[in-house]
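Report on one structure; see the data block that follows.
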Amino acid sequence: MSVNSKVSGLILAGGRGTRMGRVDKGLQPFRGATLVAHVLQRLAPQVASVAINANRNLPQYEAYGCPVLGDELGGFEGPLAGLQTGLRHCATELLLTAPCDSPFLPPDLAQRLAGALDSQDADVAVAVTLEADEHGVVQRQLHPVFSLLRASLLPQLDAYLATGARRMEGWYKTLRLAEVVFEDAAAFRNINTLGELQQLEHAGAQPEQPLTLAAVASCLSAYDPEAMSVRDAQRIIGDFITPIQSSEKVALRSALDRVLAQDVISPINVPAYDNSAMDGYALRGADLPAEGTVTLEVIGIVYAGRPTALACGPGQCVRIMTGGAMPAGCDTVLPQELAAAIGDGSVTIAAGVLRAGDNRRFKGEDLAEGGVAIARGKVVRPADLGLIASLGLAEVAVQRRLRVAFFSTGDELRSVGEPLDTGCVYDSNRYTLFGMLQRLGCDVIDMGIVKDDTVALEAALRSGCENADAIITSGGVSDGAADYTRAMMARLGDVAFWKLNMRPGRPLAFGKIHSNGRSAWLFGLPGNPVATMVSFYFFARAALLHMMGANAPLPLLRARAQAGIRKRPGRSEFQRGVLSTDADGQPQVRLTGAQGSGILRSMSEANCMVVLRDDQGNVAQGDLVEVLPFEGLL
Ligand SMILES: Nc1nc2c(c(=O)[nH]1)N[C@H]1C(S)=C(S)[C@@H](COP(=O)(O)OP(=O)(O)OC[C@H]3O[C@@H](n4cnc5c(N)ncnc54)[C@H](O)[C@@H]3O)O[C@H]1N2
Ligand code: MOO
Ligand SMILES: [Mg+2]
């Protein structure tokens, strides 16, 4: 008898998809189908039948023609709960599991696991791969959700779950386990984030192949590195970059300005109980008069923070303070200033001053227990600190800080503190870059000035690559005779040199370089000081935030031009402006004089950039233009 007829397949699709922003992972589109469809396609030929374990969107899963089984336990208790349901419905001797986010699972999974189960007389066989860790040491990696189990294990699993334990590996420890080594580690790759999903979507057939710039650029209808639009460049950068996968727990206050690495889940209802929004009288809405007045008996008083056993019957009310728990029977609060008369032990209410249900705050109306209070990717602001504190949480998981190395290139540059030789300029780009990176919350590594010298450049790029997640350079990316930077960048990795249809900031280098087993993203910004800043804001900033896993779009707004602006269609222009409010309090903007890309003074005088897109022509006085205010810009 072939292995197939003894095995039922179970696709585990019952998770919360927490790392994917709580989307239903299995149903995410991937290479023309969904993730679960890819898994089904690979699993079905290996087994007698397949069932899907899912806890939401059941009709969509049913559309694949398989039985869909919800967890018996309820409440997203993890893969063991799915396994329990799968074993309960398993009509064959063996059950094979695979997660819904592993579209590359091996075609011989069932066969090889079954072989080991038999030969080792084990209860369960589990896939293992050998993978080198960061020090190059090979480690055994167990993949507990790729398992083949005897259906007879159900009573043991029921008993294990009844203890409250939920970890797969914990349960396996109580069983006879056969480990089966598979050589192709990439086949067990599971997709945890939308970023990975997107990366693999474009990555060609082999998931282990790194994404190349050429592969990303091939998605554009036309790719001309000599005439790139701002939008295309932003798109390529966004598609090429993937977020770093590393987080840390920090004390709440230290989370300010950091990026949340996980959803903050509310452990409690906020507020924890129905309460009053006003100082006044809690009453039954049904007692409110349709006309004339009603006088209610005051049976007691409730203060905020003190539990109450008071309960109102018809004709009764309770004196209550803001935040006080609503007494049983009450659903409405009369603010005391709306009472027609307040007597000794009674209050009189006129018709029409109040509707039933007014001034009551519901338990959980701010946040419901188990709900997402703040989604991962949010940059933590003061209000978020307060919200997290209101949940009683003292720590949160944040993305580890991004390490960004930067240096300036050019023989003509001198550092602050050095004498200024003839023909030289002081290096200002390292200071603007320091400021912008610091504002983004990066750990910065200032590598100083690097001369136009191949050896020095190579050493600097390699050192940056080995010590940082990203490297930002300025200068040397145009095609001037002394621009050694380009040649060296290209030698160390996959780097594109673009001429963009924009002003300032026309040349830009972008890519990924490698050195001694490490890699880093590279942004080669143009040397002219204003061009450096503009390129940073419109390309590097979003890319760095994306690496940090942050969700922080540019805060653009619209303002009226106080004077006409000359603008040539066909390129984007970023002009320095001063944003203010007109006599009616509406935003207005004027330019700050000379706009040459070496003129930092007008950048310093500006408080915004006027963003004029490719297709825009001359701007007339009073026209609305897009503006990027510097204040509040991360
Ligand atoms: N024939 C062409 N020449 C240039 C083009 C072009 O398309 N064809 N593009 C121009 C544009 S636009 C820009 S922007 C610059 C960019 O050139 P590089 O990135 O190669 O930068 P450098 O040549 O090294 O420097 C340009 C300029 O900026 C000054 N600079 C450089 N670094 C700093 C610094 N850290 N602090 C202060 N000032 C700096 C440098 O002294 C030069 O004056 O190329 C145009 N040329
Ligand atoms: O890109 Mo350049 O910024 O115009 O000087
Ligand atoms: Mg140059």
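Quick reminder: no glycine exception, Cβ is built from N, Cα and C everywhere.
Per TrEMBL, the features are as follows:
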type    : residues                                         : note
BINDING : Leu12, Ala13, Gly14, Lys25, Asn53, Asp71, Asp101 : GTP binding site
BINDING : Asp101                                           : Mg(2+) binding site
DOMAIN  : 405-546                                          : domain 'MoaB/Mog'
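The Cβ of Asp101 (GTP binding site) has 27 neighbouring Cβ atoms from other residues within 10 Å, across all protein chains displayed. Max Cα-Cα distance over the annotated GTP binders (Leu12, Ala13, Gly14, Lys25, Asn53, Asp71, Asp101) is 18 Å.
Assigned with DSSP, the residues of the domain 'MoaB/Mog' (405-546) fall into helix, strand and coil as follows: 53 helix, 49 strand, 40 coil.
In this structure, Gly14 (GTP binding site) belongs to neither helix nor strand by DSSP; it is coil.
The Cβ neighbour count for Lys25 (GTP binding site), using a 10 Å radius and every protein chain shown, is 26.
Within 10 Å of the C-beta atom of Asn53 (GTP binding site) sit 28 other C-beta atoms, taking all shown protein chains into account. Counted over every protein chain shown, other Cβ atoms within 10 Å are most numerous around Gly14 among the binding-site residues Leu12, Ala13, Gly14. Secondary structure from DSSP puts Asn53 (GTP binding site) in a beta strand. Note: Asp71 (GTP binding site) has non-local neighbours Gly14, Asn53, Asn55, Glu77, Ala81, Gly82, Gln84, Thr85, i.e. same-chain residues 6+ apart with C-beta under 8 A of its own C-beta. For the recorded site, Asp71 (GTP binding site), the DSSP three-state label reads coil.
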